[in-house]
Amino acid sequence: MTLRIVTPGSNTSLIQPGFSLLHFSSHVFYLGQKGWPKRSCPTGVFLLDLKNNDLKLRPATFTNDSCYLPPLRHPAVCSFSASQGGEITQYLIHGGKTPNNEISHKLYIMTMAFPVNKRFSLCCSEKDLAGDVPEARYGHSMNVVFSRGKNAVVMFGGRSYMPLNQRTTENWNNVIDCEPLVYLIDLQFGCSTSFNLRELQDGLSFHVSLARNDTVYIFGGHSLGNNFRPPNVYKIKVDLPLGSPAVSCTVINSKISFSSSIVTQTSPDEFVIVGGYESDSQKRLICNGVFLDDETIDIQEIETPDWTGEIKHSKTWFGADMGKGAVLFGIPVDNKHQSTDCSFFFYVLNFGDNDPALQTCSQGSTEEQEDSMPLEDSEEFTFNRDGNIFDEDTYNEDDEDDESVTGYWIKCCPDCDMDRNTWEPFYSTELNKPSMIFCSKDGGHWVHSQCMDLSETMLKYLSQNNIKYFCNEHVEVARGVQTPEKTPPVKKTSLKSVRKRTTINRLSAVKKSFLRRLFE
């Protein structure tokens, strides 16, 4: 058993809690980046490159027929092989949270395409389900079981938002435990069936699950409803006859309780549980070995790694299984090390015999990576079957927006008091994010419509008529730089015309003499 710190390299700033690792043979892929994918790597999936204690993430390539896979935090991930104990050929990915905190309900299947030009490509497809379709959730588990020559996927646990008919402005963003149902999914026909077992009374999430033959073992986890970590092992046995499947559950008292732990496999029948939490404020620093056979399970405490001072004093930690007995986990950087580019320290804990640095390699040789030329900004990035369009070192971390600055919960003005935990919908068009409007001052910036005291009528008028908007701080500046309108000159009455005398018609001498004689 070895524990060593690794040096963060390119793109490691995209690593965040809730990520997942997919290991195909000797290749490990990272899923669940921070924020939405950028143009430099639109796939959002990276190859984990660990050499000489340097950790790097290199953009992965997908085939042309792949569907889009969003970055997902805390999804249920499980490997799938065509035969029991065979080589991993597929990964199943269900649920998880997107960067917008929306919870996914989709099921994806990830496979490794044949290598072309010494590079590996991935293929992602979406699987439609029918029957008792599981609701959108995260923090749950999936496992593949084999029975009577057939296989099925067992899904259990997780959290989700409250049903729409129960959500109000006060609890709009609150999550609850999903119902303690066991879902049995037939991948061949896309059918899903739910089972309500009396041994499972409370919802459970962030637990550990292991599968052997036709049995799934569920350890630990956290029940949000009663804030409880049960010290039980739930043994779920699946029978797949020609007719309807049968599912049963047995409760075993293990006397250990934890949540958010990581499990890694060291041999076909041996596993190690490491990390996690014993309570909301207490990390779990001990390790347990799990030994499985056909009918029994044995859990023992094993040797604990020599944790560093940073790990012991850190309040939080997170990680994922790298495969073959290795675990990658990180802890937040304290205030003394804020000068570093990365927000986390990363460690590799290895319970196996092989060095994970030798297991994980990058796409292509080291010489190809160092000598490769970066793509120009004008070039378009596409999904390519040949795997030549992406260069591993072209991802620019500066392109990654800081969610604290560009998200919906920014401080848009001095009087802004938007808080993710206390915000309530104000406009009829809002759902789970506040409405924002773009201010056109200089380069432009986003502000909250509610902070600008905009009425819903005015907000609709501005958006429908495509009118430039200036926020309260910049509206006076915007008026000052506007070109003055041309006004016609004021028409002034001439003083000469005012003083002009009226015209007097003078009579001729003939008319005067005629009028004189007439009146005489």
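The first residue you see is number 1, and the count goes up from there.
Backbone N, Cα and C atoms are what each Cβ position is placed from, and that goes for glycine too.
Now, the feature entries from Swiss-Prot:
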- Cys412, Cys416, His448, Cys451: Zn(2+) 1 binding site (BINDING)
- 415-477: zinc finger (ZN_FING)
- Cys439, His445, Cys471, His474: Zn(2+) 2 binding site (BINDING)
Cβ packing number for His445 (Zn(2+) 2 binding site), 10 Å threshold: 18
Local Cβ density at His474 (Zn(2+) 2 binding site) - other Cβ atoms counted within 10 Å: 16
Structural state of Cys451 (Zn(2+) 1 binding site), classified by DSSP into three states: coil
Mapped DSSP class for Cys439 (Zn(2+) 2 binding site), helix or strand or coil: strand
Mean of the pLDDT scores, which run from 0 to 100, over the zinc finger (415-477): 79
Pairwise CA distance, His448 (Zn(2+) 1 binding site) versus His474 (Zn(2+) 2 binding site), rounded so that it is a whole Å: 14
Cα separation, Cys471 (Zn(2+) 2 binding site) to Cys416 (Zn(2+) 1 binding site) (Å, whole number): 13
Residues of the zinc finger (415-477) by DSSP state, where helix covers H, G and I: 12 helix, 8 strand, 43 coil
Sparsest-packed of the listed binding-site residues (Cys412, Cys416, Cys451, Cys471) - C-beta count within 10 angstroms: Cys416
Cα-to-Cα gap, Cys439 (Zn(2+) 2 binding site) vs Cys412 (Zn(2+) 1 binding site), nearest whole Å: 11
